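Okay, structure first, notes after.
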Amino acid sequence: EDLYVLKHHRIFSSVESERGNQQGIMGQNEHLSVHPRETDIELHLRQQYGDIKEINITHVVKEGAEKADPSQFELLKVLGQGSFGKVFLVRKVTPPDSNQLYAMKVLRKATLKVRDRVRTKMERDILADVNHPFVVKLHYAFQTEGKLYLILDFLRGGDLFTRLSKEVMFTEEDVKFYLAELALGLDHLHGLGIIYRDLKPENILLDEEGHIKLTDFGLCKEAIDLEKKAYSFCGTVEYMAPEVVNRQGHMHSADWWSFGVLMFEMLTGSLPFQGKDRKETMSLILKARLGMPQFLSAEAQSLLRALFKRNPTNRLGSGPDGAEEIKRHSFFMTIDWNKLFRREIKPPFKPAVARPDDTFYFDSEFTSRTPKDSPGVPPSAGAHQLFRGFSFVATAMLEEEGKEEPSRPPPHPVVQQQLHGKNILFSDGYILKEDIGMGSFSVCKRCIHKATNTEYAVKVIDKTSTDPSEEIEILLRYGQHPNIITLKDVYDNGKQVYLVTELMRGGELLDRILKQKFFSEREASAVLHTITKTVEYLHCQGVVHRDLKPSNILYVDESGNPESLRICDFGFAKQLRADNGLLMTPCYTANFVAPEVLKRQGYDEGCDIWSLGVLLYTMLAGFTPFANGPEDTPEEILSRIGSGRFTLTGGNWDAVSDAAKDLVSKMLHVDPHQRLTAKQVLKHPWIIQRDKLPNSQLQHQDAKLVKGAMAATYSALKSSQPPPELKPIESSFLAQRRVKKLPSTSL
């Protein structure tokens, strides 16, 4: 499975703080614990569905694997704990999935209650049925000494869903996508008798593609205080239905109220019922009249009204058809539910979550000090030391238990989530070698990963001169693209940030082309196709590179194959943001962006295409279009660029196809808004009909001369642009907005 689940300290902390540890973290009892008397939830389940059968969890085994037991998993870290158990990050140590990371939940209760219709499935573990595209996957389940072990996906994204609304501008179309996936996942869990009762954003994870994954189902309702015959609340009350707040007992319709709260929050950015404290919030949920924001569509308002019915029997989704009532609502009219289930609808937003090579981060040096004791005993307070070589994990995993998150908001929380703790040094994991490149605010060096002896490149960025968070976020979000450089590791010591990436062994694109004995138009077309395809992918995501000079396009290996090309150095790149600093989804951009913002974006995209035009011209002509050599002055170069004059006759041009000349002219058009887009370049005959292009050798000037002229061109351009004004991060609108954020009414 290529997805993994992460829940850190916050998952269970609220249960833990309310109930303390009076029952102990793990019961050592041999028998399975069963409630001594029927609880509200069981009574309601029985009334609606007939007798409830308790089904023991025997075991679940991943296909092709043997029956699992605790000895097959190495404990790496406690991710969270509560009064009923703990969640660990573990690594499987036995084949066929050895070295795979999982989340291991260890629970005291070993039975799950399900409704009567699953009586026939006595032999099978109920949780094994929770196999659904939008629900976290269970890989193994087994029990010992009255403890139940659930081995689940470990999702590096964590509860990114919680942060999305604080980072991204969503349209109703975007929200509809998430709600539709959520409805399918919830419906599936309800069919198994699993009810959340306080479904909240933290229960919704995102995988690296941006699809949702429901997690922590059926656990909160297990936390029942039998002495007081009352539910112990888990977490916040803002998402709870009235019947849960006043403890009348509840059915699956309570989750559809929470679904409404999530919908309202995603569409408006605020909660529908939020008082100054818990008591007032509960009172609002039970009595307050909801003011419906008029900017919402009629369909959205209608769905919210149908979900916010205080009498659960009148609530949409509570009838015999269950979720079908919701799916039929006019708000979801445009959703193709079959395509959605097959994950064929593209999510509006891709989270900045990298999927690094597992073994790279857990080398023997660290895991040899992993606590081997029983899961009942937490690893020592210094357990975070195990994570010295581990990247791309929520900060909570790198901090000691109970330590608060930093109070000052980072520029982009997604980036903060990925950075190492400040106590972890780059030099602990790597040996620095010689320089391999220089940038405006950075130096690039070769380095060696100590534990594996593997070579990488590291870009060392001076944080006093530039804020690298945008570059890091873009690399995390899009670095999985085959032709974008892959980020392997990030370190931050306060003054510098170290970005460890794959090493570009094949060198710069122009170097290789100019050294090649034989380079034809056909090969030039293949090179341009690969690079433009990557640029088109970035532009579609609202990312502009803004520094696409040939020295930032390199080969990862010596093969010279166009597929081994990588676009590097995103130091000047930008993601499309609204006036308030939030990222925009493609749907938002298409429908709601001011013309001047789109114009600026079009200008930046045009600059990227112009750079590719300069590269194409140079590949075909053997010299650069606007500079004759390194001696040309910036004024001369800028004057030629400004006039849009370049020659397409003589030399190689006499043998070059007309299609190539047409494409070059359209990519180097003097008006950025009249240049071809990346999409149009990919549809140009010179790219599509590559096999019809001449295969004759192209001549070129002396390599040093060409490279000098190219450097002079980009240096002249840089000198003509005003330098960006740097302000402290705290002064940014987004940072201020985050500081003012309302605290959550946790219990």
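Keep in mind that glycine also has a Cβ here, set from the backbone N, Cα and C atoms.
According to TrEMBL, the features are:
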{"type": "DOMAIN", "residues": "73-332", "note": "domain 'Protein kinase'"}
{"type": "BINDING", "residues": "79-87, Lys105, 436-444, Lys459", "note": "ATP binding site"}
{"type": "ACT_SITE", "residues": "Asp198", "note": "active site, proton acceptor"}
{"type": "DOMAIN", "residues": "333-402", "note": "domain 'AGC-kinase C-terminal'"}
{"type": "REGION", "residues": "399-418", "note": "region 'Disordered'"}
{"type": "DOMAIN", "residues": "430-687", "note": "domain 'Protein kinase'"}
{"type": "ACT_SITE", "residues": "Asp547", "note": "active site, proton acceptor"}
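Shown on the structure are the features that TrEMBL records.
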residue: Lys105; record: ATP binding site; Cβ neighbours (10 Å): 28
residue: Asp198; record: active site, proton acceptor; Cβ neighbours (10 Å): 25
residue: Met438; record: ATP binding site; Cβ neighbours (10 Å): 8
residue: Phe441; record: ATP binding site; Cβ neighbours (10 Å): 14
residue: Cys444; record: ATP binding site; Cβ neighbours (10 Å): 20
residue: Asp547; record: active site, proton acceptor; Cβ neighbours (10 Å): 21
Pairwise CA distance, Asp547 (active site, proton acceptor) versus Phe441 (ATP binding site), rounded so that it is a whole Å: 14
Euclidean distance between Cα atoms of Asp198 (active site, proton acceptor) and Met438 (ATP binding site), Å: 52
Rounded to the nearest Å - Cα separation of Cys444 (ATP binding site) and Asp198 (active site, proton acceptor): 49
Cα-to-Cα gap, Lys105 (ATP binding site) vs Asp198 (active site, proton acceptor), nearest whole Å: 20
Taken over the domain 'Protein kinase' (73-332), the model's mean pLDDT: 78
